[in-house]
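Visitor: Take this structure first; my questions come after.
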Amino acid sequence: MQLTRCCFVFLVQGSLYLVICGQDDGPPGSEDPERDDHEGQPRPRVPRKRGHISPKSRPMANSTLLGLLAPPGEAWGILGQPPNRPNHSPPPSAKVKKIFGWGDFYSNIKTVALNLLVTGKIVDHGNGTFSVHFQHNATGQGNISISLVPPSKAVEFHQEQQIFIEAKASKIFNCRMEWEKVERGRRTSLCTHDPAKICSRDHAQSSATWSCSQPFKVVCVYIAFYSTDYRLVQKVCPDYNYHSDTPYYPSG
C-alpha cells in the first residue's frame, strides 16, 4: 500500500504542513427508523362489526415523542377491545452520530529556549467530512509538529524529527487547506537565565484550517516537540465509547 504522509508541522519559522494517516474504517451510518400506527374505530350503529383505518407509516424523527403516547395495549383496555397486533418496542432514535469531532484541546510547553502554546479543534459535520483547526503561538527557538493519527500509532522519538507512517496502516485521505495565516516578529522580555536583563527573541503566530473527508473510525492527536534543551512526544485520543453505541476494539 502506498505510503501516505498527512501530518501538518508547525515550525517557529512559520512553515505548515498537513498529512493524515489512518485505517479504512469509517463511521457507521444511521438510517431513519419507521413504525406503523394502527388505530381502530368502532362503528356505533352496526353491532358486532368494526372498521379499521388503513395502516400508514411515517418516519420517526425523535423517539422521545413515544413517551407522550399511551401504549396500544392500554388504549384498547380503556375501550374494552383487544388490539389487532402485538405491541412492538420503539426503534432507536435516528439522530446522526458525530463520533469524529471531540471538541477543544491545547498543549502548553515552556522551556528555557521556547514558550509555546498550541490550541485546536476537530469538528465532525456529520456528512462524512470534518474540519481541523489549529493555532500556535511561540516565542523562542524550537519545532512543533502536530499529526492526526490512528490509535495504533506508536509514541516514540525519531532521530530525523519527523513522523513516519507505516505503509500497511496508511490510506489516502482528501484534505484541502481552507485558510492559513502566519505572522512573525521579535519580542522583548526578561531573560530566563538572568531576569535582570532584557532579551529579544523570535515570535511567531500561525493558524490554519483544513477540510477533510473519508475519516477513519477514531482520530488521535500526535504532538512531537523538539528544541535545544527539551523534547516531548505525546498522543491524545478521544473517548470513542462515549460517542458511539457500539464499543471500539483497537487493532494493530
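Even glycines carry a Cβ here, placed using N, Cα and C.
What Swiss-Prot records for this protein is below:
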- 1-22: signal peptide (SIGNAL)
- 23-75: region 'II' (REGION)
- Asn62: N-linked glycosylation site (CARBOHYD)
- 76-157: region 'III' (REGION)
- Asn127: N-linked glycosylation site (CARBOHYD)
- Asn137: N-linked glycosylation site (CARBOHYD)
- Asn143: N-linked glycosylation site (CARBOHYD)
Visitor: Going along the chain, which residues six or more apart from Asn137 (N-linked glycosylation site) have their CB under 8 A from its CB?
Guide: Leu116, Leu117, Val118, Ala204, Gln205
Visitor: Which one, from the glycosylation sites Asn127, Asn143, has the smallest tally of other C-beta atoms lying within 10 Å of its C-beta?
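Guide: Each of the glycosylation sites Asn127, Asn143 was scored by Cβ atoms within 10 Å; lowest is Asn127.
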Visitor: Where does Asn137 (N-linked glycosylation site) sit in DSSP terms: helix, strand, or coil?
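Guide: DSSP call for Asn137 (N-linked glycosylation site): strand.
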